[in-house]
Amino acid sequence: MGFDLATDLAARRRQHRYRQARIMDGPSGRHALLGGRQYLNFCSNDYLGLANDPAVVAAFQQGAADWGVGSGASHLVCGHQRPHQQLEEALAAHTGRQRALLFSTGYMANLGVMTALLSKGDAVFQDRLNHASLLDGGLLSGARFRRFPHNDGQALASQLARSEARRKLVVVDGVFSMDGDEAPLVDYAEACEGHDAWLMVDDAHGIGVLDAQGRGSVFTQGVNERVPVLMGTLGKGLGTAGAFVAGSDELIETLIQFARTFIYTTAMPAAVASATLVSLRKSREENWRRDTLAELIARFRQGARALGYTLMPSQTPIQPLLIGSDVDATALSEALREKGFLITAIRPPTVREGEARLRVTLSAAHEVEDVDALLAALAQCQTQDV
């Protein structure tokens with residue numbers, strides 16, 4: 001058949017799974033401007049409301065004035081500028097680790113770690129609901145790829161016990177991006193320690209949000225010193241862009257030498273690093289942002305439960321409404337959009353068959369009135385049989 005792309009695209013349309021980017025005409029914050037209309041935005045990952053914070057924006061502008069809008073090269077050529085170094089040192093201190101290394105995206109960080117640490121003869125063990133970048137990194141590493149049931153520490157321990165691999169790496173999300181629940185990191189740390197394995201945690205959705213200082217899930221669960229590899233992103237709780245890996249001096253040196261996604265790509269703009277230095281400090285010091293989030297999460301969950309919606313076991317800003325069919329999830333998303341709310345319907349293959357959902361995300365930029373308005377709109381959709 002060759003490259004029959006039209007057939008593939010037509011099939012995706014029939015499945016109600018055709019993706020299209022919406023062109024936003026303003027910044028992504030509490031509100032979103034789309035097609036000349038302003039919406040309340042409940043699908044951004046800007047959990048702490050830092051993406052449009054005046055101090056963070058000012059730091060970005062000053063960074064661009066001082067360092068230009070591009071780094072000009074990879075880190076190992078001439079693209080590693082002073083703000084990059086300062087941010088790596090700040091992230092290492094923030095996460096209680098010897099060193100940290102910047103990557104352009106979380107996807108590249110995850111691919112870089114696994115392809116640098118693993119090869120044929122090794123094994124990687126992953127939660128079935130891990131992010132696509134973790135799954136791709138495991139497959140690309142050349143290691144034997146094993147998946148265990150979601151959040152099942154006993155199943156993981158059993159797989160580790162049977163493995164005779166040279167190196168064993170367990171990889172999990174700290175907070176799962178589509179369900180919002182947290183991994184049982186204590187169970188995983190114990191399983192790894194009992195079977196000579198390393199634990200890697202992708203805390204993309206925990207950094208900035210969890211822990212009294214925003215240090216993430218490894219701190220809330222008390223396992224930071226038991227997790228050799230920590231990955232975090234800068235574009236969610238911290239409001240900027242990019243990612244980092246934090247760990248021992250030997251780990252970071254290994255990534256510098258062998259992580260192709262670090263070596264062979266242009267460094268992030270120094271202006272982004274400058275802005276992140278400010279957002280990192282604010283995320284650590286401004287506890288009111290996490291307090292606001294906790295209040296909004298509790299209010300939304302109570303209201304959605306009272307309306308009869310099926311919630312996931314999440315206490316994080318990710319609050320999915322489990323709908324079921326792709327058609328119903330899309331219809332509810334569109335109905336809410338007509339009422340002035342922007343919430344994306346998440347469908348397979350991102351989530352499992354029959355588990356399409358509305359991924360509601362809350363931000364410290366939201367007001368209590370915003371959550372109440374969303375709950376009222378959901379109630380109206382029920383009366384309109386949507």
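Cβ coordinates come from backbone N, Cα and C, glycine included.
Keep in mind that this is a model prediction, so the values were computed, not measured.
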With Arg19, His131 listed by Swiss-Prot as substrate-binding, which of these, Thr316, Thr350, Thr361, is given for the same site?
Thr350
Going by Swiss-Prot, Gly106, Tyr107, Ser177, Thr233 bind pyridoxal 5'-phosphate; tell me which of His80, His150, His205 is listed for that site too.
His205
Cα proximity to Tyr107 (pyridoxal 5'-phosphate binding site), best match among recorded positions Arg19, His131, Lys236, Thr350:
His131
Given the recorded positions Gly106, Ser177, His205, Thr233, Lys236, find the one whose Cα is closest in space to the Cα of Arg19 (substrate binding site).
Ser177
Over all pairs within Gly106, Tyr107, Ser177, His205, Thr233, the annotated pyridoxal 5'-phosphate binders, what is the largest Cα to Cα distance, rounded to whole Å?
13
By the DSSP assignment reduced to helix, strand and coil, which category contains Gly106 (pyridoxal 5'-phosphate binding site)?
helix
Between Gly106 (pyridoxal 5'-phosphate binding site) and Thr350 (substrate binding site), what C-alpha distance do you get in Å?
17
